[in-house]
Each structure stands twice: as C-alpha cells, then as structure tokens.
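To start, the structure under review is shown below, and the notes come after it.
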Amino acid sequence: MPVKKKRKSPGVAAAVAEDGGLKKCKISSYCRSQPPARLISGEEHFSSKKCLAWFYEYAGPDEVVGPEGMEKFCEDIGVEPENIIMLVLAWKLEAESMGFFTKEEWLKGMTSLQCDCTEKLQNKFDFLRSQLNDISSFKNIYRYAFDFARDKDQRSLDIDTAKSMLALLLGRTWPLFSVFYQYPEQSKYRVMNKDQWYNVLEFSRAVHADLSNYDEDGAWPVLLDEFVEWQKVRQTS
C-alpha cells in the first residue's frame, strides 16, 4: 500500500519497469523476507490500552497515521508499503483512504485481528496472505481496492492507478495481464469505472487466455469487448 503525501492523491500501488519493450510490474506482492516475529505466549491476551498506545507510536497530532507514520509502521513490521499484505491489512481495518489509518479504523481492525503490538501482527501475516487464496475473500479485497485507491472526489480510477492496482492484484495470476496492461496505452480510456473494474476480475476468471470462449453477446463492458477485438487483431497480424 503506497504511502500517499496527500489524501487527494491517487497513489500508485506498484512500481513499473521497462523490460524488452513491454512494461512489466515489479511488485513485492505476496511475500518478502521479514524479520522473524517473536513468539507470543498464549497468556498474553489482547489489550485495548496497549493497542491504543501502539497506534500513537505512528499517529500525528490529528490522531491519524499519515504518510510519515505509515512509513515507520511498515519499517517496524518489515513490509514494503507496496506489498499486497498492506492492502489486505487495510481491508481488514476497513480503511477509507490509501496511506492513512484513523484511530477508529485501527482500534476496530486490530481488535478484530487481536493484535496490540508489532509481533502479534507479524504472526498474523500468514493469515492475511491466506485471504488472497480464498475466492470469496479475494473478490471482496479486489472490490474494496477500487474505492480505497480512487480519489474521493472522483467516481472512477484514473487509468494509471487502475493499472497499478490490477498489477498488484492480478499480475501474478492472470495469464492475459501483461497484454491487458498494454491495452490502455493505445485506447481512448483514461479512467476505469466501478463496473469495468468489477468485470475485469470476472473476465480474468472466466475467459481463456486464447479468448476462445469469449462470448461477444455476453454482458461485458465495451472496454472488454474492445480489448478482445484489439487482441484478436494482434494475434492474427
């Protein structure tokens, strides 16, 4: 989860690099070597007071964990801000804005996770990652990411932010991702709305990499119809 400098900034969820003329995303998406978490005794019960004190280690005077606090928090737990585990954590905290945790979000979410210190959260990393392997949970995380990443004064995601979030969520698992990633560069699309966003996930799950089972009469958004048409032309050229 990238650290935003302003609440209104869309942020970027993945670093992108040139490779052989095609843009490939370099994302620390599912794992990164973290310092081993200290084993927590089963007798150390969750403490709301301790959780609140932990929050104030990172919060500013406005009682919000902002960019600087988020950077320190990520350093302490041993996770890069753009690691997908931060998106899953934000989902668990029901955070509204990328790069920010309010006190209410922190206390509600960490209470749900029963985490009141760094070590307990590190011991939850495997659980957080497991949410990505559950079809229902992943769908919820994917849908959450749209509102989480968009500017709150906009109804759609700008296309660069959409591409970065798609890279984070689908870059490792969708065979057509690298092709779809290139498509907006030569298309008319500069934003992605919620319906398009939702349907990209369904498309990635339902349609074969060779597009052989794509139903032109299906209820897909025009964006995906045009993507398929564009890709078929490329395949035959």
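Glycine is treated like the rest: Cβ placed from N, Cα and C.
Note that the structure is predicted; figures quoted are calculated from it, not measured.
Taken verbatim from Swiss-Prot:
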type	residues	note
MOD_RES	S9	phosphoserine
MOD_RES	S41	phosphoserine
DOMAIN	46-232	domain 'DCUN1'
MOD_RES	S48	phosphoserine
Other C-beta atoms that fall within 10 angstroms of the C-beta of S48 (phosphoserine): 11
Integer average pLDDT (0 to 100) for the domain 'DCUN1' (46-232): 97
